[in-house]
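Some features that Swiss-Prot has for this protein:
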| type | residues | note |
| --- | --- | --- |
| REGION | 1-33 | region 'Disordered' |
| DOMAIN | 167-407 | domain 'Reverse transcriptase' |
| BINDING | D250, D346, D347 | Mg(2+) binding site |
Amino acid sequence: MTARLDPFVPAASPQAVPTPELTAPSSDAAAKREARRLAHEALLVRAKAIDEAGGADDWVQAQLVSKGLAVEDLDFSSASEKDKKAWKEKKKAEATERRALKRQAHEAWKATHVGHLGAGVHWAEDRLADAFDVPHREERARANGLTELDSAEALAKALGLSVSKLRWFAFHREVDTATHYVSWTIPKRDGSKRTITSPKPELKAAQRWVLSNVVERLPVHGAAHGFVAGRSILTNALAHQGADVVVKVDLKDFFPSVTWRRVKGLLRKGGLREGTSTLLSLLSTEAPREAVQFRGKLLHVAKGPRALPQGAPTSPGITNALCLKLDKRLSALAKRLGFTYTRYADDLTFSWTKAKQPKPRRTQRPPVAVLLSRVQEVVEAEGFRVHPDKTRVARKGTRQRVTGLVVNAAGKDAPAARVPRDVVRQLRAAIHNRKKGKPGREGESLEQLKGMAAFIHMTDPAKGRAFLAQLTELESTASAAPQAE
């Protein structure tokens, strides 16, 4: 859906503007938060009273009676003109108060109900929306250890949010006056830029709850190594060490291709209710947006469908769970063709080792072309796309890198998977220059060098410790040196 910005009034073309920087909260922010909290508690008390009264209409009538504003019917045939006039005045007062009480009842209802989540989002408030459910939903939820959350109010309480705040975070607008995310770009190896979209603190805290209590409890395939406890770029690389052929395939637009509807489907299959799945899928996704000025107002305009943001804590875990079937199919394909398969986020790696093949296959060449053709078929069938420019085939005798580590067969004392030599040489040269009092490269800091040393330590602890010790010594020397006046 494309939003329409008042076409009846001529205006200048929208101008793209940078996302504004966050400003520090004002001194009375705490007082405003407390006032909002008290107002919300009052709404919850009112909502409870309405439920106990039997509904909004019964509560309104009871309030009118308690205030002495409920007016009984009048027999106009026997009433005097004076009584008629007085009765009409009372009815006006009753009607005015009834409208005010109905507004109050609606405010209380909004504090405990979602109601609407924006254009293109189906939302059913009642709990009967699961009448046509996925098979064995309750059993799936129990098997995955998922908490049964049967209402928006229960979910909001678990997240530490009010229902109105939950609705605000989940509500989808094509054009919005505010955004729950902060975006910036970082350079990629090929010179292009990657956009990072990170949620603001309160939404990030809610997403972390979703990650811990929902996403991380969903099943993940053993071939997945990224963002999985106990696995890393090292475990991913070690699966391919000493191979004769390494094939790397990259998935294009990995996070943006996972829309909120795909996330909802994943959560439904995991055992969550319809409403809970809808709210959590919207809470974990956002549309890519561009900030524009329109008639003096800053607007955030959606440029595409709502999908996983690269920068949200939930995104990697959701893709791991969503790729369960993809990983199963690619693992089976790899096994049939004699390959080993692993996945680290959007990086798919296959390796073929002659020594691991059955004797009849050892004289055959690895079926790389067949593998690549069928990988593309499986990837597309599972809703993803292969990046046409990032497929690499590295044979024995050329440098084979997997998730940044070299996995070629190495000497007796060398790690099976190791940091490339040029990185080690770069760190060694940087330390040498600093010891000689020479300035580092532009933008180079001790913290960055320590990060490189820690990277080396992961694959070669002895070498990494030696580099870290030298950097610690340099840091101590720098802090002890007299500061120039």
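We count from 1, first residue shown onward.
Each Cβ is built from the backbone N, Cα and C atoms, and glycine gets one as well.
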Restricting to the domain 'Reverse transcriptase' (167-407), report the mean pLDDT as a whole number.
95
Three states by DSSP: which one describes D347 (Mg(2+) binding site)?
strand
Ten-angstrom check, please: count other Cβ atoms within 10 Å of the Cβ of D250 (Mg(2+) binding site), all chains counted.
17
Does D346 (Mg(2+) binding site) have same-chain partners at least 6 apart in sequence with Cβ under 8 Å from its own Cβ, and which are they?
D250, L251, F254, T319
For D347 (Mg(2+) binding site): intrachain residues, at least 6 apart, with Cβ closer than 8 Å:
G226, K248, V249, D250, L251, T403
An 8 Å radius from the center of the D250, D346, D347 Cβ atoms defines the neighbourhood of the Mg(2+) site; name the other residues of that chain inside it, in order.
K248, V249, L251, F254, Y344, A345, L348, H387, K390
So, in DSSP terms, is D250 (Mg(2+) binding site) helix, strand, or coil?
strand
